[in-house]
Amino acid sequence: MASRAEPPDGGWGWMVVLSAFFQSALVFGVLRSFGVFFVEFVAAFEEQAARVSWIASIGIAVQQFGSPLGSALSTKFGPRPVVMTGGILAALGMLLASFATSLTQLYLSIGLLSGSGWALTFAPTIACLSCYFSRHRSLATGLALTGVGLSSFAFAPLFQWLLSYYAWRGALLLVSALSFHLVACGALLRPLCLAEDTAVGGPWVQLTSLLHHGPFLRYTVALTLINTGYFIPYVHLVAHLQDLGWDPLPAAFLLSVAAISDLVGRVASGWLGDAVPGPVARLLMLWTTLTGVSLVLFPVAQSPTAVVALTVAYGFTSGALTPVAFSVLPELVGTGRIYCGLGLLQMVESLGGLLGAPLSGYLRDVTGNYTASFVVAGAFLLAGSGVLITLPHFFSCFSATTSRAQELVTEALDTKVPLPNEGLGEE
């Protein structure tokens, strides 16, 4: 483990960015493109949309709910062996899913087993990346997460093509082979020990501090609301377009259009997060609001031109909010608590990931279309943007530099566990 007083803002950090790029592609690129399998599963198992939606929702929820485990293991053993183990589990889950004969088996294989593998890969990789960068953290995170956009552009039509030639069982076998490359991503990670890491205490001390930290708790609530509606288009957009009379292949290709726009949004937002003065949370609120509005407008778009334009807008804004969402967290809790903070945040977020897609599918079954599904999804994001306004220094005119962020961490988070007769204030 390399030791430094401050983040190097480069060096081996760019290899960590490369690892995070492919890792995000093989986790969230697969999840975002899994809507292509949705229609196949409904037909193969003759089940309602709400029940089939639980496959992706369980995977998202397990990935996020299990993040504290991945963070704790990374603190003890380092992120490299943890991420490599996660890659093996993710590939194994997809492999077993190809032999499934019921939805329950898909819940267990894709949702539970692959989801557990994703839980061991994402949080440790992003936390390791945050330790390598300070001044260019938003840009580095944005570049790393462009893997989601590029893979979504490639995977959606690829999966549809695989379904056409190999059916859903053969397609899942090939997705399993792709997922196994997460092992190589984990091998690139090199843990970095910063001076701040030795002053924040052990995992339990950090956890107790975070649970008494008001801004962190409010930020967790905001991202949970955002997460509830964020994935809805990637699960149900293809089915929605088929309800409008679109053919399956053009409908799947529209996910690729969103992926290209998502890619541009991530890079642009990462650059703006480092260049624009003021708290990064302000940019996050802007992108979240625009994403929510675009979701609400989806049912209104009927013509192909309007649907494509709205998909481009959604892809850009939803992609733009992601890198700044991860950049806000180190400013709130510091890099010394980033593993614990990100793991806890992902765990609570899992509530939104678990309920979002099934709620959307339930509204589709009740109403007969996806109008209410998209409107409710947009409402969740708008509610999350409202909570972001309550974060400290949201209306400040200065940029939250790393040194200032470290001062706020020192003031806001006490490293000792509070006694029964004492508490920790928000600031």
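Note that Cβ sites are derived from N, Cα and C of the backbone, with glycine treated the same way.
These figures come from a predicted structure and were not determined experimentally.
Copied over from TrEMBL, here are the features:
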- 13-396: domain 'Major facilitator superfamily (MFS) profile' (DOMAIN)
- 12-31: transmembrane segment (TRANSMEM)
- 82-100: transmembrane segment (TRANSMEM)
- 106-132: transmembrane segment (TRANSMEM)
- 139-159: transmembrane segment (TRANSMEM)
- 165-189: transmembrane segment (TRANSMEM)
- 216-237: transmembrane segment (TRANSMEM)
- 249-268: transmembrane segment (TRANSMEM)
- 280-300: transmembrane segment (TRANSMEM)
- 306-326: transmembrane segment (TRANSMEM)
- 338-359: transmembrane segment (TRANSMEM)
- 371-395: transmembrane segment (TRANSMEM)
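Between the transmembrane segment (371-395) and the transmembrane segment (280-300), three or more CB pairs separated by 6 or more residues in sequence fall under 8 Å, so the two stretches touch. Two recorded stretches are said to be in contact when at least 3 C-beta pairs lie under 8 angstroms, sequence spacing 6 or more; the transmembrane segment (249-268) and the transmembrane segment (306-326) meet this definition. When the stretches 12-31, 82-100, 306-326 are ranked by Cβ pairs under 8 Å to the transmembrane segment (280-300), first place goes to 306-326. The recorded stretches the transmembrane segment (139-159) and the transmembrane segment (12-31) share 3+ CB pairs below 8 A when only pairs 6 or more apart in sequence are counted, and are therefore in contact. Counting same-chain residues at least six beyond the ends of the transmembrane segment (12-31), those with a Cβ under 8 angstroms from any Cβ of the stretch are 2, 56, 59-60, 63, 83, 90, 118, 121-122, 125-126, 128-129, 132-133, 140, 143-148, 150-152, 154-155, 175, 178-179, 181-182, 184-186, 188-190, 231, 234. With a cut-off of 8 Å between Cβ atoms, the residues of this chain six or more beyond the transmembrane segment (82-100) that come close are 23, 26-27, 70, 73-74, 106, 109-110, 112-121, 124-125, 169-170, 172-173, 175-177, 179-187, 189. Of the recorded ranges 106-132, 165-189, 216-237, 338-359, the transmembrane segment (306-326) has the largest number of C-beta contacts under 8 angstroms with 216-237.
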